[in-house]
Amino acid sequence: MSAGGSGDRHPVLAGVGGWLPSRVVTNDDLAAHLDTSDAWIRSRTGIGSRRFAEPGVSTGDLAVAAGALALKSSGEAQADAVVLATATPDHPLPGTAPQVAERLGLIGAAAFDVAAVCAGFVYGLATAGGLIAAGTARRVLLIGAETFTSIVNPRDRSTAVIFADGAGAVVLRAGRPDEPGALGPTDLGSDGGNHELIMVPGGGSRQRSSGADPGPEDHFFHMAGRDVYRHAVERLTSSSRAALAHAGWQVTDVDRFVPHQANAKISAAVADRLGLDADRVLSNIAEVGNTSAASIPLLLAQAGADGRLQPGHRVLLAAFGGGLTWGASTLVWPDITALTV
Ligand code: UT7
């Protein structure tokens, strides 16, 4: 629960960057080959368009681009560790983070992937913060990057209109707990009993070891949207409350709420339950869709760059995803230059 870090070993946000592929895909583009409509997608999700990576572009490519921006934003090209939150790695093994580290010139840095699907960035915050608090690293590059187009079934209208590609990254440095940017205690949780609500059934050891023949759709991403919706609202609300309690903040202390961009209606329902005014809730889902682990760092980078996040703002972050997994944390926004492409 604690962000850890005594003395000068507390994780502090030092830089942030966001990177999106240039190809814009509108709802009408999808409706041209899928039984859906702009009106359905907008009213049920709040999404108007999203970005798709071109064929041949991988999660690692997006992670390198966002990671380079975050390093530049932090003012230093160096990091001792790279943590990559992703559900769409370049290969089943090895992890994608070591190649990302190498391509960023972080030769020899500790590097590994975190698999917590859409909650991956918040799990990554706790992990990266823990590396700093333990004295294992002084600077950690934490990236959330996804090419969900690589696992979404383009013929499944219930997921193909929601998930998209993108990347965001932050640099955490060792500092003091009373500095702007110091991470608050992170609340994390999981419910493996409901793992089947969000999954890729094939490709792992469970199906292969059972001897069952993989079905034609088994390598695609599956989501039981209606059930997930209910869990998402519940867990995002309870985890946000826990993170606020751990930080000693009241809901009225929160200047900006940065929820994982799963669905605009989920964010609104959670804000309503928490008692947060809509003008304190940040969003970019209308233009980027659901980018899973990339969603929060991408939104932080965009909001930092366009002024929706200002130094001194008290920020609450919350995420929910497959596993099921969830988490929330707090920080006071520091005076940094956010970079986006
Ligand atoms: O990021 C990780 C966590 N993910 C989430 O939190 C996502 C949570 N779930 C959701 O956001 C929503 O459940 C969805 C946006 C996925 C779906 O919205 P919904 O309002 O829950 O729709 P539904 O799945 O209950 O489906 C309602 C109807 C169905 O038709 P019938 O059975 O009522 O005739 C669906 O077949 O809407 C139909 N439908 C669509 N229609 C047009 C489903 N997808 C589409 C579509 N276009 N794209």
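Each residue, glycine too, has its Cβ placed from N, Cα and C.
Annotated active site per TrEMBL: Cys118, His260, Asn290, in sequence order. According to TrEMBL, the feature domain 'Beta-ketoacyl-[acyl-carrier-protein] synthase III N-terminal' maps to 112-192. Summarising the annotation, TrEMBL assigns domain 'Beta-ketoacyl-[acyl-carrier-protein] synthase III C-terminal' to 244-333.
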Between His260 (active site) and Asn290 (active site), the C-alpha gap once rounded to whole angstrom: 8
Cβ-Cβ neighbours of His260 (active site) (radius 10 Å): 33
For Cys118 (active site): intrachain residues, at least 6 apart, with Cβ closer than 8 Å: Ala87, His260, Ala262, Asn290, Ser292, Ala293, Ser295, Ala319, Phe320, Gly321, Gly322, Thr325
DSSP three-state assignment (helix, strand or coil) for Asn290 (active site): strand
Cβ neighbour count within 10 Å of Asn290 (active site): 25
Rounded mean pLDDT for the residues that make up the domain 'Beta-ketoacyl-[acyl-carrier-protein] synthase III N-terminal' (112-192): 98
